[in-house]
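Pulled from Swiss-Prot, these are the features on record:
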- 123, 127: heme binding site (BINDING)
- 138-158: region 'Disordered' (REGION)
- 1-7: topological domain 'Cytoplasmic' (TOPO_DOM)
- 29-158: topological domain 'Periplasmic' (TOPO_DOM)
- 8-28: transmembrane segment (TRANSMEM)
């Protein structure tokens, strides 16, 4: 084999390996990517069905229902404009309460319910995930305090 042919073969193998590695990395990244949606966006059918997503908002007052024979809980998450029913089979966080902020991760079913695999409650009265805060500010339900630029101030997520 001539040196030039050997060099071209080596370059082709290296480029092929890099391409394969990039393809595998992008596939893994896409499989682990989870987008955030508000109840209004879910009800407007902007969220994918049967793909992992996160929804966030407030637990609607009077909506929490617990099944007696299991750990399954049903509740509604609202952004004050729309609500979506969430089903969760597990133990809820200690800070989970009606009227408090919550982020649920799971899948939107064809039945219109959100089937959560994880429920996160905010950990003090000033904390709200940045995505949820921005979404509430967009629909005019944020804290309403204008900042120096005239837009509502947002609470920083730590």
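Cβ atoms here come from the backbone N, Cα and C positions, even for glycine.
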Three-state composition of the topological domain 'Cytoplasmic' (1-7), taking helix and strand from DSSP: 5 helix, 0 strand, 2 coil
Segment confidence, the topological domain 'Cytoplasmic' (1-7), expressed as mean pLDDT: 86
